[in-house]
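These features come from Swiss-Prot:
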- Ser56, Thr57, Arg58, Thr59, Gln83, Arg107, His134, Pro135, Thr136, Gln137, Cys274, Leu275, Arg320: carbamoyl phosphate binding site (BINDING)
- Asn168, Asp232, Ser236, Met237: L-ornithine binding site (BINDING)
Amino acid sequence: MSGFYHKHFLKLLDFTPAELNSLLQLAAKLKADKKSGKEEAKLTGKNIALIFEKDSTRTRCSFEVAAYDQGARVTYLGPSGSQIGHKESIKDTARVLGRMYDGIQYRGYGQEIVETLAEYAGVPVWNGLTNEFHPTQLLADLLTMQEHLPGKTFNEMTLVYAGDARNNMGNSMLEAAALTGLDLRLVAPKACWPEAALVTECRALAQQNGGDITLTEDVAKGVEGADFIYTDVWVSMGEAKEKWAERIALLRDYQVNSKMMQLTGNPEVKFLHCLPAFHDDQTTLGKKMAEEFGLHGGMEVTDEVFESAASIVFDQAENRMHTIKAVMVATLSK
């Protein structure tokens, strides 16, 4: 894919609708080739650096397996495995790694960090997650949606995101809707809406591409006719305990449960989640939530919905690897 060669992958709005579609087509082909045993290694001899200032299961495994499948080698630099930002600036780190590696993945904090890496590295840089955007996740989501509704184009699909929409997932969903023409509905309390400027920009683009973007606090109105309902965690272990109570009180009414799924009026509605999910008390945080806030059946999603036939979250998780592979192949091979 010569049009992508040596490009960065930092946020979705850096691309056109046609470019996004070609990445999804490549991901689908790579997935089919892997499953049929016909995959051709395009990245043999390439060296890839994986910078993780925030730990991850899916992102790390996806990049590593995708790289190995394609014949590349990886170096993992974890939260304590480099001098980035401590003894060496991002700018200097970029210039060092760019001399040794063919591509660099960054998962961490501010978007300005991955932008600086891209400016100075001289090799493709990929955003594995920042505070502001999570573009590789949305690629996986879009591929999963295509697979489960093959008879519809994106501008015939309705995607609902319920919960805290002011985070990197909300922002990247706005950008995805802008490029694909999805009917995107962010169903959340006003305190959890994304920045107005990004909403305005993405809504205008979405409408040009045959879709729309709606923000509402009304759950029943927001989920009506949805093809997919998506949510993400409400709290994380790194946050102060006082924040937990505040966030849970704010978002309780936006939990994805069987009632919300029924309110769609669509018996075929599917459930999406970028994972990890607090749907039971089998994790340290899930157990704390159950004990302190009575959330025994799940937090942002009930265990009933998570384990139901409507849940396609593990298809999503698998597709992280196929779509990340597409990004690497597109940007590192001519």
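Using the three backbone atoms N, Cα and C, a Cβ is placed for every residue, glycine included.
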Using DSSP, would you call Thr136 (carbamoyl phosphate binding site) helix, strand or coil?
helix
Once the DSSP letters are reduced so that anything not helix or strand counts as coil, what is Arg58 (carbamoyl phosphate binding site)?
helix
Taking DSSP as the reference, which of helix, strand or coil describes Arg320 (carbamoyl phosphate binding site)?
helix
Helix, strand or coil at Asn168 (L-ornithine binding site) [DSSP, three-state]:
helix
Long-range neighbours only, meaning 6 or more apart in sequence with Cβ under 8 Å: which ones does Cys274 (carbamoyl phosphate binding site) have?
His134, Gln137, Asp141, Met169, Asp232, Gln316
In sequence order, which same-chain residues at least six apart have a C-beta under 8 angstroms from Asn168 (L-ornithine binding site)?
Leu129, Thr130, Asn131, Glu132, Phe133, His134
How many whole Å apart are the CA atoms of Thr136 (carbamoyl phosphate binding site) and Ser236 (L-ornithine binding site)?
21
Can you tell me the CA-to-CA distance separating Arg58 (carbamoyl phosphate binding site) and Ser236 (L-ornithine binding site), as a whole number of Å?
17
Cα of Ser236 (L-ornithine binding site) to Cα of Ser56 (carbamoyl phosphate binding site): how many Å, rounded?
13
